[in-house]
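Peer 1: This is the structure I want to talk about, given as structure tokens.
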């Protein structure tokens, strides 16, 4: 006599497991929204500086937050500078001035030299 087919046990009420596949009513998977971050670039720089060192996801989140913060500060300052001089264009000069105003001493000098190097590399590649 064949045994009745065993079905999977029903999940307990208040179970901690969540449904992993998000599906619409018609059965298709819902497309996940992409979250932009600088994690790929932070990781590349880390490997250039310390090839044998890793980074935790929490530390990567902090680095991503830091890069976003600095970007917003530089962009904000650079957008105010042309207004003072009655101009309507943000150039590399405004970015450079914003960096000089925001970053202290030696850090500003290094940032400006690295930025100049990056702009030169970009223009020569065109």
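Cβ coordinates come from backbone N, Cα and C, glycine included.
From Swiss-Prot, for reference:
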type     : residues : note
REGION   : 1-36     : region 'Disordered'
COMPBIAS : 1-12     : compositional bias 'Low complexity'
MOD_RES  : 7        : ADP-ribosylserine
MOD_RES  : 12       : N6-crotonyllysine
MOD_RES  : 13       : N6-(2-hydroxyisobutyryl)lysine
MOD_RES  : 17       : N6-(beta-hydroxybutyryl)lysine
MOD_RES  : 21       : N6-crotonyllysine
MOD_RES  : 21       : N6-acetyllysine
MOD_RES  : 21       : N6-lactoyllysine
MOD_RES  : 24       : N6-crotonyllysine
CROSSLNK : 35       : ubiquitin cross-link
MOD_RES  : 47       : N6-glutaryllysine
MOD_RES  : 109      : N6-lactoyllysine
MOD_RES  : 109      : N6-(2-hydroxyisobutyryl)lysine
CARBOHYD : 113      : O-linked glycosylation site
MOD_RES  : 117      : N6-succinyllysine
CROSSLNK : 121      : ubiquitin cross-link
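Quick one: where do these features end up spatially?
Peer 2: In three-state terms derived from DSSP, residue 35 (ubiquitin cross-link) belongs to neither a helical nor a strand segment and is classed as coil. Around the Cβ of residue 35 (ubiquitin cross-link), 7 further Cβ atoms fall within 10 Å across all displayed protein chains.
Neighbour count (other Cβ atoms within 10 Å of the Cβ, all protein chains): 13 for residue 47 (N6-glutaryllysine).
Using a 10 Å Cβ-Cβ cutoff, residue 109 (N6-lactoyllysine) registers 13 neighbours.
Residue 109 (N6-lactoyllysine) falls within a helical segment according to DSSP.
Around the Cβ of residue 113 (O-linked glycosylation site), the same chain contributes no residue under 8 angstroms that is 6 or more positions distant in sequence.
Under the DSSP three-state reduction, residue 117 (N6-succinyllysine) is assigned to helix. Annotation for residue 117 (N6-succinyllysine): no same-chain Cβ neighbours under 8 Å separated by at least 6 residues are found.
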